[in-house]
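Okay, so here's the structure we're looking at.
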Amino acid sequence: VELKVNLHCEECIKKILKAIKKIEDIETYDVDTQLNKVMVSGNVTADEVIRVLQKIGKQATTWEG
C-alpha cells in the first residue's frame, strides 16, 4: 500500500508511524519524507491505512503514479 500523506514535521511522522504500527498483519512500513509517501506492506488494504491515519487527523490519499 502506498499513500500520499502530508509529512511536514518530525512530530507528524512519529504519530503516523505509531498509528501504522498498531495495524494488525503489517509486515513492513516506511516513510519517504521527500515524496510525502507512506508505504505499508502486509495483509492490509489502502482503506485500512487511510482510516487509521484519519483517526489521528491526517489526510491520506492513494498514490497514483
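One is the number of the first residue shown, and numbering goes on along the chain from there.
In case you wondered, yes, glycine gets a Cβ from its N, Cα and C as well.
Curation plays no part in TrEMBL annotations; they are all automatic predictions.
Lifted from TrEMBL, the feature list:
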DOMAIN    1-61  domain 'HMA'
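Mean predicted confidence for the domain 'HMA' (1-61): the pLDDT average there is 94. Per DSSP, the domain 'HMA' (1-61) is made up of 22 helix, 19 strand, 20 coil.
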